[in-house]
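Enquirer: Here it is: the structure, laid out below.
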Amino acid sequence: MMKASPELTEFVIRAARDAGAIALEGFRSSNLQVDTKRDSTDVVTRYDRACETHIRAAILATYPDSSIVGEEQGETVGDGELTWFIDPIDGTANYARGIAMWAVSIGVAVQGEIIAGAVYDPVADQLFSADDRGAFLEERGEKTPLRSQGVTDAARATVATGFPARRDLVHQPDLALEQYARITREFAQVRGLGSTCIALCWIAAGWIDATISFETSPWDVAAAAFILRQAGGVYLAYCDGEPLPERGDFIGSHYYGGVAGGRFETLLDIMRTQSRGHG
C-alpha cells in the first residue's frame, strides 16, 4: 500500500469535519431547498452542494493539481497523482427528512488505490478515519483504534441492508422478495440505515456485523470500504455475478457487501445472483 503523509490524513479529517459543520447548520432547518435528481428517491439539498463546494475549494487550495470526483459536481481532472472522492452528505434522503443517519465521506486515492479516508457523522460527532497506520474512531475527545470484530454466526448477527431497492422490485420482484426473505430468516436482526458509509463504518467498529446493498458510486464507498478493510473487515463488490478485484473495486459495482467476521454465504450468494440479473 502506498502511504499517506500524516499531513494528508489530517487534511482529510479536517475537511470532513468542516463540511460536517456546514451540513449540521442546515439539518432539520426550513431552508433545505430539496430537489430531485434521477427520481423521487434520489434527492439533493442546498447543503449537499454547499458542502461539496467547500471541500473542493479546500482541496484545490492545498493540493491544486488534484483530480476530484464528487456526487453533486462530477469530475474535475487535474495533473497530479491525487484523486479525491467526495460524498458531501451520504444519506441525503435521511438528512432531508430530519433523520439523524447521514455523514460526510472523503477518500483520496493514488493510481486507483485509496490511501486515506474519513467519514464524519456530525450529529453523533463520530469521526471514522484510516490510512496505512490503521483505522480509528474519534469520539468524545478520544481517538481509539478500530478492530472489526463481529459474530460469525448469521443466527446471532445484525445486518444492515438497503435491499431490495425499488429497482430490484421492478426488474426481479419475485427473486428480490425471496432473497430478502432469506436474509430475514437467517440473520438475527435486519436494519435499514439509509447511509452506505455509516453501515460500513459501523461494521468496522463492531456495532453491526454485515451489510449488503445495491449499486455503488465511488464516492459512496471509497472512504468507508477503506476504513473497514484497515479495521480488519472485508468489503466485497460484484458485477455480473463476479467479484471485482480489490484494487479499485470502490469505483462501482452492481451489488456490494461488507462483513466483520465470517463469510455469510447467503449474502455472497445474493450478491452473485442479483448482479447477474442487473441491467
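Cβ from N, Cα, C; glycine included.
Reproduced below are the annotations present in TrEMBL:
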BINDING   Glu71, Asp87, Ile89  Mg(2+) 1 binding site
BINDING   Asp90, Asp220  Mg(2+) 2 binding site
Enquirer: Which residues, in sequence order, are found in the same chain with Cβ within 8 Å of the centroid defined by the Cβ atoms of Glu71, Asp87, Ile89 at the Mg(2+) 1 site, excluding those residues themselves?
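Expert: Other same-chain residues near the Mg(2+) 1 site: Asp48, Cys51, Glu52, Gly70, Glu72, Ile86, Pro88, Asp90, Thr92, Val104, Ser105, Trp219, Asp220.
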Enquirer: Using DSSP, would you call Asp87 (Mg(2+) 1 binding site) helix, strand or coil?
Expert: strand
Enquirer: I'd like to know which of the binding-site residues Asp87, Asp90, Asp220 has the most other Cβ atoms within 10 Å of its Cβ.
Expert: Asp87
Enquirer: Return the member of Glu71, Asp87, Ile89 nearest to Asp220 (Mg(2+) 2 binding site) in space, with distance defined Cα to Cα and candidates limited to these binding-site residues.
Expert: Asp87
Enquirer: Helix, strand or coil at Glu71 (Mg(2+) 1 binding site), per DSSP?
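Expert: Its secondary structure by DSSP: coil.
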Enquirer: Same-chain residues six or more away whose CB lies under 8 A from the CB of Ile89 (Mg(2+) 1 binding site)?
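Expert: Residues satisfying the criterion: Ala23, Thr45, Tyr47, Asp48, Cys51, Tyr95, Trp102, Ala103, Val104.
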